[in-house]
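Database features, via TrEMBL:
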TRANSMEM  25-43  transmembrane segment
DOMAIN    52-451  domain 'SLC26A/SulP transporter'
TRANSMEM  71-97  transmembrane segment
TRANSMEM  104-123  transmembrane segment
TRANSMEM  147-169  transmembrane segment
TRANSMEM  181-199  transmembrane segment
TRANSMEM  232-254  transmembrane segment
TRANSMEM  266-283  transmembrane segment
TRANSMEM  315-338  transmembrane segment
TRANSMEM  350-367  transmembrane segment
TRANSMEM  410-428  transmembrane segment
TRANSMEM  448-477  transmembrane segment
Amino acid sequence: SLQTLESSQSLVGTKTRRRSMAGKLWKATTAVTLSFLPILEWLPRYSIRDNLVSDMVGGFTVGIMHVPQGIAYASLAGVRPVIGLYTSLLAPLFYMIFGTSRHISIGVFAVVSLMCGACNVRVTDAFFASSSFNYTEDEMSEAKLDYAVHVLSGLGFVIGLIQISMGLLRLDFLIGFLSDQVVNGFMVGASFHVLVAQLDKLLGVTLPRRGGIGKLFMTLYDVFQSVIDVEINLYTLALSISAIIFLFAIKTFVDPSVKRITPLPVPYDLFLLILGTILSTVFDFNGTLRMKIIGKIPTGLPSISPPDLTVVPHIIGDAAAISVVILVVSISMAKVFAKKHKYEINIRQEFFALGLVESLGSFFPVWPSSTALARTLVYEAAGTKTQLATVFSSSLLLAVLFFVGPYLELLPVCLLSCVIVVALKGMFMKLGDIPSLWRVSRIDAVIFVMTLSCTISLNVIEGLACGAAVSIIHILLASKRGGFTELEHPQENREKRPIKVLRYDGSLYFMNIEEFSCTLRDYAKLLNNE
């Protein structure tokens, strides 16, 4: 019947609409999943023939760099050396799943490690100062190293939440307030703190832990006092000077010739550490010369445990500053190489990716990670094509953790500091850019120098805050200084008077609207009086 036919057609139409809605929902869900998990998009299309060899070479090359840097930068964060290896292993693996850049190298980074270490020292010292533990000096040192992992795991969790929240709230525009001059001035200033933090290890002395404003100068005072009191270990000092001269000379004079022969970077730092370990084992540096060694490195993988959230009230400010530094450094480097290799990165997804790297990492004994500038340059120069290179760098770190770690236990600590000091050369070279920056833009040069000075004289987080404040003030004043330009108009009005056209060069907002109105009224009065 007609009614039955209409009913059947209606049912078919309903089913068709449902299929269409289901199809749209599936496509939308797939698109969201692929945007949130970029690995599901690029891995199925991975070209073994075009990319595998390049990714293997790049991955193993950077993996070799991860080993000395992971062990060395642990002293900046105030934790045991093996924690640096865990950080170098896990952070890149998490980023490979969520990140969109093919070339940035996530892992330990000197400036971020220093900022984490400053937070760790402050919170750890306050915790033990308020507790009634009866420890010997050695037991207290071990207890602080154990508690440091709790502090840094909580710090990483909060940093991850901040970065994810910024992505959800679309606050990526805030990063624009930190100009290149602020970032560079801060990085160079923080490098001075990194350098000073290595002096006690280079000299073989034990210094009190310092924190707060003026930390750099207090540490220098302690160093000079130990030199005056002749507390330094001359054997450690001699080895440190020799190692720094060796690394500096070979990287400055020999490495350019080597690069003309092979594009692959030579791991001079790793060679130094291997040689130092052999000499320390043969001549018993720790026993006969009283040199400090890194000590026991446990084998295997770390256990999973939830982050310690009891420290959260004490680390909010540090977490906010560190999260911004990680975002600025990582995203700026990702943009550079994406433009060079003609692919796109998703800025908002990078906020989520970096936040997930930190928050997921907080369930392991690691400290917050970031993009390392020098390591990223090597990563790209080695020919890396995709994120799959992370698999090969992580496999090398796994081999170190399972098999090689115990052989590094006799490595002198001073050699790790030598690796850090020589690695700062590139940062200090930026000081030579100040004269050229002054010729191009005096205000940019002033911002660079002010950020640098505040970071050195105050502390790293305070220096970053001062630099950001100066940059924001400059942006507001520059946008407020919009000016009028008078343009000629070929026509006349009804009163046979020339038409005046004014162009306002600037943006209108609450800070300059009053000045804009007053200037416009004054100009109108001037025209009426003519």
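We count from 1, first residue shown onward.
Glycine too: its Cβ is placed from the backbone N, Cα and C atoms.
Note: TrEMBL annotation is automatic and uncurated.
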Which listed range (71-97, 147-169, 181-199, 350-367) shows the maximal number of Cβ pairs under 8 Å with respect to the transmembrane segment (448-477)?
181-199
Any contact, the transmembrane segment (181-199) to the transmembrane segment (410-428), with at least 3 Cβ pairs under 8 A:
yes
Looking at 71-97, 104-123, 315-338, 350-367, 410-428, which one has the highest count of Cβ pairs under 8 angstroms to the transmembrane segment (266-283)?
410-428
For the transmembrane segment (315-338), what are the same-chain contacts with Cβ under 8 Å, counting residues 6+ beyond its ends?
100-104, 106, 109, 111-112, 115-116, 118-119, 123, 151, 154-155, 158-159, 162-163, 166, 175, 178, 183, 186, 344-345, 347, 350-351, 354, 358, 368-371, 373, 376, 380, 460-461, 464-465
Same-chain residues near the transmembrane segment (71-97), Cβ under 8 Å, at least 6 residues beyond its ends:
37-39, 104-110, 113-114, 116-117, 120-121, 124, 144-145, 148-149, 152, 194, 197-198, 201, 273, 294-295, 297-298, 302, 353-354, 356-357, 360-361, 364-367, 369, 387-388, 390-391, 393-394, 397-398, 400-401, 405, 408, 411, 413, 416-417, 419-420
Take the domain 'SLC26A/SulP transporter' (52-451) and average the pLDDT across it for me.
92
